[in-house]
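Below is one structure; the comments refer to it alone.
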Amino acid sequence: MRLIVVSGQSGAGKSVALRVLEDLGYYCVDNLPVSLLTAFIQSVQGSQQNVAVSIDIRNLPKEPSLVQDVLDQLKQNNDVSMLFLDASKETLLKRYSETRRIHPLSLSQSKPSLAQAIELEKQLLGPLKEQADLLLDSSNQSLHELSETVRMRIEGRERKDLVMVFQSFGFKYGLPTDADYVFDVRFLPNPHWEPDLRPLTGLDAPIKSFLEGHSEVMELKQQIQKFFEYWLPMLEKNNRSYLTIAIGCTGGKHRSVYLTQQLGEYFAQLGHQVQIRHTSLEKQQS
């Protein structure tokens with residue numbers, strides 16, 4: 001039997017992840033006390049159905065090491081993994097403002113502000129985050145995008161396929177927190193300084209023509225392709241379920257978007273499971 005523990009910050013998308021897992025055939029339980037987890041797993045052992053359980057700030061034991069002890073015990077007879085959903089403080093503040101929901105820690109006796117509650121929860125969940133097998137940052141993702149990301153990561157893990165996530169970003173918005181590899185392409189020729197090209201993105205044909213007219217752009221693309229072609233077999237043997245490759249330029253609009261799209265399409269054509277995201281572009285268009 002397979003058990004996925006879903007954890008993460010309040011407002012980061014745990015309920016979305018549980019709905020996706022339910023659609024994938026998992027028996028999902030929200031807010032189950034950790035002390036009851038072993039007994040619950042034993043009770044459903046005979047059904048042969050995969051199970052997903054959420055552990056978060058609502059049911060976190062006072063002693064964080066208890067979670068690891070319980071999971072270590074369950075791993076002896078089950079395939080156990082943890083999915084942790086995270087999001088930036090700014091994203092969480094915006095989501096709570098839009099939904100007008102109350103943060104779980106805001107109900108405590110100290111009655112912290114929303115910003116304080118988010119920061120405190122981050123500290124309390126730190127040990128769980130360190131144990132995560134799958135770490136997803138839902139910042140700047142819509143419900144549909146997050147659902148698709150969770151589905152691809154879970155399905156890829158079940159098939160033992162490595163999911164390659166190609167992600168463009170702008171350095172002025174900050175580094176992505178979930179990247180395994182980061183390529184800084186700010187040294188490449190910048191279409192931003194061409195007035196006719198400035199409003200366009202790396203997905204538009206004139207930007208492609210501009211960048212493909214520079215040999216250094218094509219050489220860098222080929223070198224990144226060769227790097228991952230060479231090392232992918234080793235990464236796949238390392239029991240990884242996904243690999244996040246982030247490519248950044250200044251604003252995340254032209255150079256990084258072009259290279260991310262090209263690399264993602266290249267590896268998809270080779271038969272790999274690929275997901276392409278343009279995080280800063282999505283932020284600019286929202």
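Cβ coordinates are placed from backbone N, Cα and C, and glycine is handled just like the others.
Listed in Swiss-Prot:
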type    : residues                             : note
BINDING : G8, Q9, S10, G11, A12, G13, K14, S15 : ATP binding site
BINDING : D56, I57, R58, N59                   : GTP binding site
Looking at Cβ-Cβ distances, which residues of the chain lie under 8 angstroms from I57 (GTP binding site) while being 6 or more apart from it? S10, P104, L105, E121, L124, L125
Taking DSSP as the reference, which of helix, strand or coil describes G8 (ATP binding site)? strand
Listed in sequence order, the residues of the same chain lying six or more positions from K14 (ATP binding site) whose CB sits under 8 Å from its CB are V6, S7, G8, S54, D56, L85
Three-class DSSP secondary structure - S15 (ATP binding site): helix
Taking the Cβ of N59 (GTP binding site) as the reference point, list residues of the same chain whose Cβ is under 8 angstroms away and which are at least six residues distant in sequence. N31, L32, P33, V34
Would you list the other residues of this chain near GTP - those whose C-beta lies within 8 angstroms of the C-beta centroid of D56, I57, R58, N59 - in sequence order? S10, N31, S54, I55, L60, P104
I need the CA-to-CA distance for G13 (ATP binding site) versus R58 (GTP binding site), whole Å please. 15
